[in-house]
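Worksheet: the structure to be examined is printed underneath.
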Amino acid sequence: MTSSLLWAVDVYGRVYSLSTAGGRWERSKDKVLELKKLGAVKQCCWGIGCDNQLYLNVNPSDVAIRFQEETYENQRWNPLEGFTDTLLPTDRWPWTDEAGLNPQPLHSFQLPSESWEWEGDWFVHDETCGRPSTGTGGWEYAVDFPTSFSKDKKWNSCVRRRRWLRNRRYKAFGSWSKIPLDRGRPPPQPFIDISCGGHLMGNNSEKRLYLWAVSQQGRVWFRSGIEHLKPEGCHWEEMAGPGEVAQVSCGPGDLLWAVLWDGQLLVRRGISSERPKGSSWTVVEPPKKNLGAAHVSVGMYVVWAVTKDNKVWFRRGVNSHNPCGSGWINISGEMLMVSVGPNDQVWGVGSEDRTIYFRKGVTASQVTGSGWTPVLAQWDSSRPPDGQPSHDFSGEMTDSSQGSVLGLADSPAGPESPPPKATIPKITSDSFISALVSDRECTIKPAGGAPPTTLPTDALPEEGASTGDEEVPLTPSEAPSPKTPGVDPWSNVDLEEEAKGRRPAGPEGAAPQQASVATFPLDLPEGEERPPWAWVSGGGCVLTSDTRIGWLESPEDKTSSLPLSMTPAHATAEKKKEATDELTFEKSVSVTKGQLRWWRDWLPHQWEHAGLALEQAQSEPTRREDFLYLYYTENNEKKFLCIPISEVTALVPKFKESLYCFAVYTSERTRQRWPLLLSTHTHQDLQQWLSLLGESCCLSRGIVGRPSEQALWAVTSKGDIMVHEPPPNLEAPTPNPACDNMFWYQVPGHLHTVECNSLAVVWGIGYDGTAWVYTGHGEASAEADSKDQQHLQVDVRSMFIYENQRWNPVTGYRDKGLPLDRHMWSDVSGLRECTKASTKPPSPQWTWVTDWAIDYSAPEGADKEGWQYAADFTAAYTGNKTLKDFVRRRRWVRKCKIELPSPWVEVPPIPLSDITILPCLAKSSMEQVPLWAISERGDVLCRLGVTRDNPAGNSWLHVGTDQPFRSISIGGGHQVWAIARDNSVFYRGSVSAQNPAGDCWYHIPSPPKQDLKQLSVGRTSVYAVDMNGNLWYRQGVTPSYPQGTVWELISNNVSKVTVGPLDQVWIIAERVPGCPSEGAGVVCHRAGVQPMLPKGQSWEFGIGGWQHLSVRGNSQEPPRAPARSPQPPRAQKQVNGNIVA
């Protein structure tokens, strides 16, 4: 990596630079120059002098800067003289530019400034590469001036021209040169602040630099035309603003911020490579309303600010699409100013010690870094040549205590009075000694043996220190050698007294000091203490996260040798800072960015390239404020979407158009049925984003570790396992629907069905019927998490498509249907076309394990070729052909497999089709948890030995039946209900903890003309779903008569139902009324369920895409309002001011 420079200015206006390849501060060669502020990039550095004029320092380069001036000599032919420079009145001037619109005689060209010099004289340009022309003389001919020119002279060539060139070279590399005023333009007002940047804006190969400045009247100026061949730029242009600006900062990209005198902040909008000046200003409130901003610094994608109380702030959410950002976060440390580098590295000047600090740990993801570290660089030992006077003050301090002009005892009131607080001058003048010692008195002994000069003072001598004209001996390191010519002696300046400073060590016999002071050299010899800094510019210092620079190593790494630039007072301050940092929480912001594709839900409905950024901020140890940003472009206008992570309710993997997709739901987007759909390039990227966003969502809600015992478990239509941690008021009536605000997060694994209860027993069934038990409950530790992920879960799923044919009187059955018929290859509904080639696995995690084959085991039966017959495609199918069957279909099957690590353990060997666990109350305890299941063959099973510590149980107990079953559920009081495959309903009697299998089955009548397919039993409620999607409630269920009396219709549009231990009712709805675009499987909650109203009142619709839900672990009762007394309140009486009954 090539070296770059860090620029800084001390309080005396002296300019220093520090190279990343070196380790020493180097002072500017121009000793007389005094600057106030700097603005640097890698190529150059701009500065404002004490005269408020602008200066430029171009870094030395191997490539010279040469600019070529050009002008055109024009002539017209006449019959007498031939070609001559005597032109017609309507012609162009004899010397013009190429277009002929502006006169440009040779003598009108002047050097832009003293930093340029001419290289040779004017010459004619032709094919001889700049050498004097021979032959043609470089002329080009044409019929008239507006037409095109050629080098061939013809009979009708009446005009000609030739191009003259002259080169000028920039010679002021590595030195400061004043920028001249614009010619022909009114001069701008004196400047008080500058900032340069914009060189990384756009994708064009030609990079330009733009300079912004602020005048004393608070006006903003823009300097254009700065490029490699024109480092000084062209001219100034005033930019109107909403107020008086005090400071401006321009980043390497398209970000520009400014600070008003009242502390408010301005953001320039509309900046681009085509419009570098932007379009408008936007006001941004400062971090603190009562304390406005004092300084702002802009990087490529970050904005840092300093308020008037010297607190440091970081602006969140800043991007070229969102230049205003979204909020402020306080960063530790107190700075006078900060400067952001090209890679968003941050530098600052401490408000107390005036030391330059570097923000360590800043990377592309950790944008705020981890802490401040001082810049520990040594000083350049250069001196003026012998015989040349130094421009700095050269003198020897006498008649004062060692190392200080004014000690703690030097106050007019005596040693006991509080010491005066010295101020650090901001900038120097031609004579800065008066600014340093102002109203103090000291004796100065000039160099060369001149007699001492006494200055008036009111200072009292320190206790134990010598007085009068007696010289105080200096330490060997302080005393200048009288034999060394041209070396300036020391000047001791008390810059700032600290109330509890440490005394620097003095030589033997030296008087003890009562103040910790800083001793500063005026010509900065090697090994001397650094001056107090006033400004730093890191815009030209290019650092990366892996760059190792010696002068950026933290003081902890150099404890063996304390640098000379660290005084004992600073060391004490560092120790105090370290002790404070141990007790102070370091706030941080991290950003993860990526490029994805985003589905535009409005016209045109299509995939768009977009940028995604997750900004994670931790302002308190237990508080996170994360945001998800989506940046896109619409009609060449940059726009963005901002979603607080705390509002995200679900991250659901999707599979659309063979892409790796996932949907981001919020409560508002759930109500609108409009999730944010994103697509990644690879499956690995999809998993990384899901993991990162899921972790951020959980941490924002304080969800750590494994799911709780009260959690709601669900399975999506793709088999992903989702969990919701219910709040205590989930079942309580609230103004906002509970389903809209439910947060679902994913648990590793893949299932078809999942059931749970409040005793940490969770079972699941895969698509291939394999039973799985969740082992994630227990102690939350890294070892447990690692152990949970060691299990390999394998699931096999069958994919079905249907081949459809219609009978034709001529050809018989063929794959040519009527215009209104379904597709000849479709899904079971016939609404979607599904061919062998277009049918894909559920997600890229699945892999095919078989080829397509005819399925002869269709539920309705099939003939020997696998065909099913019906009168029409919408009618019922059978396996036998009749004369009235005009259509037929057959099912094709292909199996796919998925393998993934998960916290699920297989329970062999019987494949299951349904499972149910006893829903328990929160404080209940039992030796064994009743668990019933139905095998794939329809056998009823009871699991023995299931406990909290052994959720997998020990063995299966077969429960006798006279026919196969399809659904089963156990509720409060060990009520076991089941549905047989012939759609008849049964109740198992005498089931108890002592008799877990019960005695016999009791037949329960089904609803009239309805066939039930699934049921769920709660504490006292029994609900069932029929084949037509109707939800039924069993009335009259009591402990004395658990079979109930009659079925009552509650609702339609139901796919599955689950009843919790408190009789709460949740369903999976087939669709959302009024939202045809919403997919099947919508989570719905029955509102208004109470002991006196078990059927509830209405439905609350939630997220879609679910196929199974279990709320049988949620036993948290909603908070109840205090009961009111039936008697009216009595009026209280007061006697002598006291309340009496």
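Every residue gets a Cβ built from N, Cα and C, even glycine.
Predicted automatically and left uncurated, TrEMBL annotations should be read as such.
Quick look at what TrEMBL annotates:
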type     : residues  : note
COMPBIAS : 446-459   : compositional bias 'Low complexity'
COMPBIAS : 1119-1129 : compositional bias 'Pro residues'
DOMAIN   : 64-125    : domain 'Peroxin/Ferlin'
DOMAIN   : 138-171   : domain 'Peroxin/Ferlin'
DOMAIN   : 590-700   : domain 'PH'
DOMAIN   : 794-855   : domain 'Peroxin/Ferlin'
DOMAIN   : 866-899   : domain 'Peroxin/Ferlin'
REGION   : 380-426   : region 'Disordered'
REGION   : 443-491   : region 'Disordered'
REGION   : 1110-1141 : region 'Disordered'
Distant-in-sequence neighbours of the domain 'Peroxin/Ferlin' (866-899), which means Cβ under 8 A and at least six residues beyond its ends: 719, 750, 792-807, 813, 821-822, 830, 836, 839, 841-842, 845-856, 858, 860
Positions whose Cβ lies under 8 angstroms from the domain 'Peroxin/Ferlin' (138-171), at least six residues beyond its ends: 58, 64-77, 83, 91-92, 98, 100, 106, 109, 111, 115-126, 130, 231
Confidence summary for the domain 'Peroxin/Ferlin' (794-855), mean pLDDT rounded: 92
DSSP helix/strand/coil residue counts for the domain 'Peroxin/Ferlin' (866-899): 0 helix, 18 strand, 16 coil
Counts of helix, strand and coil residues, the domain 'Peroxin/Ferlin' (794-855), according to DSSP: 0 helix, 25 strand, 37 coil
